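Asker: Annotation source Swiss-Prot lists zinc finger at 5-56. Taken from Swiss-Prot, the feature substrate binding site applies to T247, K267, supported by similarity to another entry. Residues or ranges marked as region 'Disordered' by Swiss-Prot: 460-513. The compositional bias 'Basic residues' annotation in Swiss-Prot covers 472-502.
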Amino acid sequence: MATAQLYCVCRQPYDVSRFMIECDICKDWFHGSCVEVEEHYAVDIDVYHCPNCDVHHGPSLMKKRRNWHRHDYTEPDDGSKPVQAGTSVFVRELQARTFPSGDEILQPMHGGQVTQRYLERHGFRYPIIVSKREELGLRLPPPDFSIKDVERYVGGNKVIDVIDVARQADSKMKLKAFVKYYYSPQRPKVLNVISLEFSDTKMAELVVVPDIAQKMSWVENYWPDDSYFPKPFVQKYCLMGVKDSYTDFHIDFGGTSVWYHVLWGEKIFYLIKPTPANLALYEEWSSSPNQSEVFFGEKVDKCYKCVVRQGTTLLIPTGWIHAVLTSQDCMAFGGNFLHNLNIGMQLRCYEMERRLKTPDLFKFPYFEAICWYVAKNLLETLKESREENCLPPEYLIKGVKALITALRNWLKREVTEPASEVPDHIRPNHLIKMLTKEIQYLENGNCGNKPMKLQESSICPSTRSAHERGSHARKTARRLRGHHHHHHRHHHHHHHHHHHNHQHSDGPKAPSHLDIYEQHTQEVLKRLEMGPYEEDASFNLKVNGKFNKVSTASAAAAERSLENDLRLVLCNGQIVR
């Protein structure tokens with residue numbers, strides 16, 4: 001059996017996951033970490049001499065800089081080529097440009113005003129700026145928290161993505177190497193860290209995300225704990241940028257909304273409204289071969305400049321196109337979240353990413369899977385609204401329609417591109433059919449003779465998140481449906497229990513065990529007559545009496561406990577508990 005070829009001073013086999021560099025003399029390959037050559041630094045080497053060869057041949061030869069305005073600084077500066085984004089000339093020119101003030105579009109608010117109820121009523125269409133974070137529910141390290149502190153909490157050996165700003169190129173390095181770079185008296189280049197997600201580190205305990213991002217987040221509300229797909233972690237980022245760092249115009253992945261808080265330093269945001277015209281221009285610009293040579297802010301009617309100073313929090317809604325300049329060394333925290341308020345725009349952004357062939361690394365993880373989970377939950381929400389004679393808010397009806405269209409298209413696409421993100425317990429065609437029925441019911445005005453109540457998040461179910469439902473008092477017996485434990489493949493699983501308002505004054509008394517048993521039996525018989533109804537989270541019995549796997553957080557919504565806390569678990573028609 002042939003043995004693997006060994007490389008480097010460490011004499012290890014080739015490892016695709018580690019950066020390596022070839023010696024131009026002996027032609028052996030070396031791990032950058034073994035010979036102290038960082039990946040971002042290797043591009044500056046013209047002729048590399050390994051530690052063995054530089055004894056006889058002298059040190060490696062470096063490339064010679066010939067310009068300050070191109071990503072490739074070795075190109076001759078003959079004045080024929082335009083300035084490229086991120087270069088030192090570009091940053092200087094950007095700082096000299098004039099822009100309409102962000103005050104024209106920013107909504108200054110107190111943290112306590114930024115609530116789910118407020119955004120449901122007024123929409124989340126414009127960026128919100130909050131100067132005092134306390135009432136937002138945002139908890140962060142103190143303002144003297146340093147880059148070294150990040151290393152202490154995250155670990156110096158964590159491999160992070162770093163952007164070489166002047167080249168707008170991504171590379172990997174260990175956090176301890178970035179810390180060394182940051183504190184070096186003369187930094188050889190501008191490096192920017194914008195994608196250090198630290199949910200899986202000790203630093204996660206120091207940060208509590210804003211209430212609004214937690215309460216409205218699809219992942220927090222709808223992602224089931226037993227999902228086959230790994231849970232997306234996009235809520236806790238630490239951004240470490242040195243002066244003159246620049247990130248070119250982009251829309252956050254999957255059309256996520258984003259919160260940013262500048263702990264110290266300063267960032268300047270260049271914000272563009274996601275109008276249909278601007279989105280079309282953005283897509284055209286993103287796919288053009290000379291994208292880096294065109295400043296997108298000049299292509300649109302208005303690009304607003306917004307300075308975010310120390311201690312300030314910025315909330316950017318779905319689809320806003322933005323670039324960011326770090327005007328002084330800066331540490332910021334941020335996070336991304338999908339929500340129910342702008343479902344259509346989120347889907348438009350995702351479809352644009354697909355058309356632009358955005359690499360998976362830069363997309364929202366398992367975006368389609370979460371849309372299926374959300375659809376399953378919103379079906380329950382629409383049913384509850386109908387049964388409680390509530391009219392769901394307009395944004396939700398529009399959102400569900402957009403979701404139905406997207407889900408249909410994804411199913412069609414699966415025929416030619418089988419890369420399914422449909423969770424295995426969801427019957428996709430049935431789910432789409434039931435959602436469509438609920439929307440038709442609303443649009444045809446089949447609401448009986450009673451006038452429908454316009455929905456308020458405090459009264460009706462559809463705008464209450466899993467968290468809010470969990471905190472509500474228990475619901476009356478009328479809503480009792482299928483109060484069995486959901487059996488999962490591996491174990492009983494309790495997601496957020498969803499409770500509902502119980503009017504103590506004039507509501508019906510809590511039912512007796514016999515009442516519950518009788519009602520439960522009637523439900524079961526009724527369902528069995530109608531045939532299996534898998535998408536109904538309140539039922540989940542197959543005809544053979546066995547439990548379906550139910551795996552959405554709000555499927556567990558059906559598990560509403562009453563004052564008497566009786567649980568009925570059916571197994572082959574027998575009550576076993």
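We count from 1, first residue shown onward.
Quick reminder: no glycine exception, Cβ is built from N, Cα and C everywhere.
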Asker: How many other Cβ atoms are found within 10 Å of the Cβ atom of T247 (substrate binding site), counting all protein chains shown?
Answerer: 22
Asker: Using all protein chains in view, find how many other C-beta atoms are within 10 Å of the C-beta of K267 (substrate binding site).
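Answerer: Its Cβ shell of radius 10 Å holds 24 other Cβ atoms.
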Asker: Can you break down the zinc finger (5-56) into helix, strand and coil residue counts using DSSP?
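Answerer: Tallying H, G and I as helix, E and B as strand, the rest coil: 11 helix, 13 strand, 28 coil.
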Asker: Under DSSP, is T247 (substrate binding site) part of a helix or a strand, or is it coil?
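Answerer: Once the DSSP labels are grouped into three classes, T247 (substrate binding site) ends up as strand.
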Asker: What average pLDDT does the predicted model assign to the zinc finger (5-56)?
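Answerer: Mean per-residue confidence for the zinc finger (5-56): 91 out of 100.
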